[in-house]
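Asker: Annotated active site, proton donor per TrEMBL: Glu77, in sequence order. What TrEMBL records for Asn64, Val65, Glu66, Asn67, Ala68, Cys69, Tyr70 is substrate binding site. Sequence annotations record features per position, and here TrEMBL assigns Zn(2+) binding site to Cys75, Cys109, Cys112. Per TrEMBL, the feature domain 'CMP/dCMP-type deaminase' maps to 23-150.
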Amino acid sequence: MEGVKTSRAMNVSEHSSSCLSQETIKNLIHLSHEAKKQSYSPYSKFRVGAALLTTDNCAYTGCNVENACYNLGLCAERTAMTKAVSEGHRQFKAIAIASDMSDQFISPCGGCRQFMREFGVKWDVYMSKPDGQYQKMTVDELLPVSFGPDDLSMKKESSNK
């Protein structure tokens, strides 16, 4: 498919996250379900995949990777974002998330919401089901009144009293 600069090709030509075509959304969700197949989840058996779309139309996928030391595991969303960041991308249009849950939409954990917020609040998160249904929210809607990079430059009271 044309328009994407990685091997995870999608037909993408939109310029903002709020204007993604249904075909692009469908393709992004499909990529997230494909990424889920690579999940390493021997402990929870809870497979998760993610597909991230950058503002210059590159797609990066990720899956969850568990560890016997549970807190060292990685979520699919953070895996996809880390791959994109390691390739020089810092701005994102959307991310699609997939799991095997058929009765509800997969939602990013709190850690992933904060990780997403690092790269802005005005991009879309597509939470999907195995049948392709999805629910769309922005990062801002998922993590309202959040703490981000701009907060670090806010004026602070001096601690030398």
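Any Cβ shown, glycine's included, is placed from N, Cα and C.
TrEMBL entries are annotated by machine, without manual review.
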Asker: Among the binding-site residues listed here, Val65, Cys69, which has the most company in the form of other Cβ atoms within 10 Å of its Cβ?
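Answerer: Highest number of other Cβ atoms within 10 Å: Val65.
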Asker: By DSSP, how many residues in the domain 'CMP/dCMP-type deaminase' (23-150) are helix, how many strand, and how many coil?
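Answerer: Helix/strand/coil tally for the domain 'CMP/dCMP-type deaminase' (23-150): 42 helix, 33 strand, 53 coil.
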Asker: Write down the Cα-Cα distance for Cys112 (Zn(2+) binding site) and Asn67 (substrate binding site), rounded and given in Å.
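Answerer: About 17 Å separates the two Cα atoms.
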Asker: Report, in whole Å, the straight Cα-to-Cα distance of Cys75 (Zn(2+) binding site) from Asn64 (substrate binding site).
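Answerer: Asn64 (substrate binding site) and Cys75 (Zn(2+) binding site) have their Cα atoms 4 Å apart.
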Asker: Please name which of the binding-site residues listed here, Glu66, Cys69, Cys109, is nearest in space to Glu77 (active site, proton donor), Cα against Cα.
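Answerer: It is Cys109, whose Cα lies nearest.
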Asker: When you put Cys75 (Zn(2+) binding site) at the centre and draw a 10 Å sphere around its Cα, which of the binding-site residues Val65, Ala68, Cys69 have their Cα inside it?
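Answerer: Within 10 Å Cα-Cα: Val65.
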Asker: Could you name the residues, excluding Asn64, Val65, Glu66, Asn67, Ala68, Cys69, Tyr70, of the same chain that surround the substrate site, i.e. Cβ within 8 Å of the Cβ centre of those residues, in sequence order?
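Answerer: These residues sit around the substrate site: Tyr40, Tyr43, Leu72, Gly73, Leu74.
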Asker: Within its own chain, what residues at least 6 apart in sequence put their Cβ under 8 Å from the Cβ of Ala68 (substrate binding site), listed in sequence order?
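Answerer: Counting only residues 6 or more apart in sequence, the Cβ neighbours of Ala68 (substrate binding site) under 8 Å are Tyr43.
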Asker: In the structure shown, which of the binding-site residues Asn64, Asn67 has the fewest Cβ neighbours within 10 Å?
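Answerer: Looking at the binding-site residues Asn64, Asn67, the Cβ with the fewest others within 10 Å is that of Asn67.
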Asker: So which of the binding-site residues is most packed in, judged by how many other Cβ atoms lie within 10 Å of its Cβ, out of Cys75, Cys109, Cys112?
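Answerer: When each Cβ's neighbours within 10 Å are tallied, Cys112 tops the list.
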Asker: I'd like the number of other C-beta atoms within 10 A of the C-beta of the residue listed as 'active site, proton donor', please.
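Answerer: Result for the residue listed as 'active site, proton donor': 28 other Cβ atoms within 10 Å.
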Asker: Taking the center of the Cβ atoms of Cys75, Cys109, Cys112 at the recorded Zn(2+) site, which other residues in this chain have a Cβ no more than 8 Å from that point?
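Answerer: Here the nearby residues are Ala76, Glu77, Arg78, Pro108, Gly110, Gly111, Arg113, Phe115.
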Asker: Among all the protein chains here, how many other CB atoms are within 10 A of the CB of Glu66 (substrate binding site)?
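Answerer: By my count, 17.
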Asker: Averaged over the domain 'CMP/dCMP-type deaminase' (23-150), what pLDDT does the prediction give?
Answerer: 97
